[in-house]
Amino acid sequence: MMRLLSFDDSDFGAALGAIVARGETPPEGVEETVAEILEAVRLQGDRALLEYTTRFDGLDLTAAQLQVTAEEIEAALAAVDSESMAALQLAADRIAAFHRRQKTETWLTTDEQDVMLGQMVQPLERVGIYVPGGKASYPSSVLMNAIPAKVAGVAEVVMVVPMPHGEVNPHVLAAAHLAGVDRIFKIGGAQAVAALAYGTESVPRVDKITGPGNIYVATAKKMVFGQVDIDMIAGPSEILVINDGSGTPEHIAVDLLSQAEHDELAAAILVTTDADFGRRVQQAVEEQLATLKRAAIARCSIDAFGAILVARDLEQAVALSNSIAPEHLELAVDDPFSLLPRIRHAGAIFMGHHCPEAAGDYLAGPNHTLPTGGTARFFSPLGVDDFVKKSSIISFSREGLDRLGRSIVHLAELEGLEAHGRSVSIRLKDS
């Protein structure tokens, strides 16, 4: 059962600290295993990739069979019913519409010293997206990662998805088709991250890797960062709900469970100013949990990392939320927009009683790839900016250099960099 605590309880700090710190350290041996896999794929290419695919996924392939064929995609499309395809198309359209509003363009300006300055915005050339695989997989992750890349103008999107024993959810391939993914490979785990980061005979090297995965995938992304860009270091999912005693306890309960069912390390926290409402949510969680297919996973999460916290007022609730910087924040209050200016740190903010977090997971439009583990203090949701790079443009006319050159020389002399200053002064003499 979810713990119910007051801010004044003696064990409040310890209980909250345990929730916030969950999953910070990889289990023993993970980093060593991942390092070994990365090095093997870097040195041996397809040979190591195929060996790990056989060992971990039970899928015995040749190099020629690594890539999903057009025929396999057509078969997947045929296996998806019309209602599911319509829902995927609706989600794709809404995600694309939202992300098109994020686009920035190249710009140039000339200042009062006759110096032209600007910024050139260019898409990355090739991006890799990791999608969890098997039968219990997530087509929404395909849409959320591939569509912003395509909106940004990325020329080639390469997707990797593990197919244990050859099984893949056809909805994942259908989503890839709708999102415009260019190539799909039947690989997963740290070995797939390595293939994308270093390239193999069959899998092209990419400029950036995005997408969720297990602890081995997350650790691999962390280790290859610097040789290739990544979206973020994602940890276990989390939700924090701020409530003022209004609304329906059953609604809040199932919102909390929507995160708890993700995995055993997911965190679900309700901060309410109404202790009686909190107790009703506590009971509703138990009633709802018993009916879930993933009840065992949700039970582990709720018991270990679930909490109902009773705050003195909404100011105290908001302060706690800002200190946690949750991935998902629901403002389940009568007037959510009055609280919004006080929210400093959150990955996504869901406003009011009719906006469950699941709406953002699937088709509201904003990205569901969000910073976790308190990193919303400095990370943002995945978006178009993650798939572009920017170059500064600087153009001095002769007159512009005449006006600013002596100050440039002076600053170079302050730093003792003689050639820097001379590269300007020699031009001033020639003008």
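The backbone N, Cα and C atoms fix where each Cβ goes, glycine too.
As recorded in Swiss-Prot, the features of this protein are as follows:
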| type | residues | note |
| --- | --- | --- |
| BINDING | Tyr130, Gln191, Asn214 | NAD(+) binding site |
| BINDING | Ser237, Gln259, His262, His328, Asp361, Glu415, His420 | substrate binding site |
| BINDING | Gln259, His262, Asp361, His420 | Zn(2+) binding site |
| ACT_SITE | Glu327 | active site, proton acceptor |
| ACT_SITE | His328 | active site, proton acceptor |
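Positions of the features from Swiss-Prot, shown on the structure.
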{"residue": "Tyr130", "record": "NAD(+) binding site", "Cβ contacts under 8 Å, 6 or more apart": "Met159, Val160, Val161, Gly188, Ala192, Val193, Leu196, Ile209, Thr210, Gly211, Pro212, Gly213, Val217, Lys221"}
{"residue": "Gln191", "record": "NAD(+) binding site", "Cβ contacts under 8 Å, 6 or more apart": "Ile37, Ala40, Val41, Ala48, Leu49, Tyr52, Thr53, Phe56"}
{"residue": "Asn214", "record": "NAD(+) binding site", "Cβ contacts under 8 Å, 6 or more apart": "Pro132, Gly189"}
{"residue": "Ser237", "record": "substrate binding site", "Cβ contacts under 8 Å, 6 or more apart": "Gln259, His262, Asp263, Ala266, Ala267, Glu327, His328, Thr372"}
{"residue": "Asp361", "record": "substrate binding site", "Cβ contacts under 8 Å, 6 or more apart": "Ser140, His368"}
{"residue": "Glu415", "record": "substrate binding site", "Cβ contacts under 8 Å, 6 or more apart": "none"}
{"residue": "His420", "record": "substrate binding site", "Cβ contacts under 8 Å, 6 or more apart": "Ala412"}
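Neighbour density around each Cβ, counted as other Cβ atoms within 10 Å, peaks among the binding-site residues His262, His328 at His328.
Shown in sequence order, Val160, Pro162, Gly188, Gly189, Ala190, Ala192, Val193, Gly213, Tyr216, Val217, Ala220 are the same-chain residues outside Tyr130, Gln191, Asn214 whose Cβ sits within 8 Å of the Cβ centre of the NAD(+) site. The substrate site in the record is lined by Ser237, Gln259, His262, His328, Asp361, Glu415, His420, and its two most distant CA atoms lie 56 Å apart.
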